């Protein structure tokens, strides 16, 4: 581990180069910095499904790039045929990670642009340009969100975060970690505590790695030590990302977020969520949301080493739901929503128009 690769906040997690989608393979971190090339939309779908790329904003842009590949490679000669090819690709891409609303957002945005095109050539061109612009916009949105969120944090705060909502979860800069970056850039002296985030360890493999390389004072804890650190006053505030936020303020994020929020409430610690408006689902109710169930081997083994008995039943949800009463504020590029969330979230969307 002495020769770890360098990751910085503006190194792109996903990019478009020479008619290919290029991604950092996050399954190889922190030991290797490997870039994966996706030559068609099935490659992109596989990368999303297997966590080569992960994080709601990053997979939203990846899905858009996947549809751009599908458009460019389609042999359709009419608009109707091309739209049919894109719908087929959209279905395959969407089914990879159904809980993260950014994926549906990215796919739907591309399909909206495609439907507005008049002919095959125009559709292919506009779809690609839109996907590229979505990637650029993601970085700008994250930096704006970071500035809004930084005002909630003070000099000498120790901030806990769960999972990875950094530059590796977005095109660049990050959501929750973008807030942390902006707080430091504002001249505030802060420390960070990262949870390891079992079972896939995004906190230890990605967040701790990312922050350490960017020069932050970061400590790693096992998930089971969250209560200990809070009870012993080692944490002042918490900020996490999100994969889906309902209009009611219910937040769906990496499994374990709910228990972090519960313990923060118990100890009087402010708990914030940072996510772009593209992560909001303004139509669904909590009972409508499908929680992705991951494969058992994520729990029963670490790498190639078996850590559980053969045949054991495994419950391995990828996400959980944190209710709005546990959340101090939701940080977005349009400002910070606070309770009552249904009103304040709606106002943010109106202000964005």
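Residue positions begin at 1 at the first shown residue.
Each residue, glycine too, has its Cβ placed from N, Cα and C.
TrEMBL annotations: computationally assigned, not manually curated.
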Starting from the substrate binding annotation in TrEMBL that includes 54, 55, 56, 202, 253, 254, which of 97, 181, 294 is the extra site residue?
97
In whole Å, could you give the widest CA to CA gap in the substrate site formed by 54, 55, 56, 97, 202, 253, 254?
17
Three-state secondary structure, residue 254 (substrate binding site) (per DSSP):
strand
With Cβ-Cβ distance below 8 Å and at least 6 positions apart along the chain, what are the contacts of residue 202 (substrate binding site)? List them in sequence order.
54, 163, 164, 254
For a quick check of packing: other C-beta atoms within 10 Å of the C-beta of residue 54 (substrate binding site), how many?
26
Can you list the residues of the same chain, besides 54, 55, 56, 97, 202, 253, 254, whose Cβ falls within 8 Å of the substrate site's Cβ centroid?
59, 100, 163, 164, 165, 169, 241, 243, 318, 319
Quick one: Cα separation, residue 97 (substrate binding site) versus residue 243 (active site, proton donor), in Å?
10
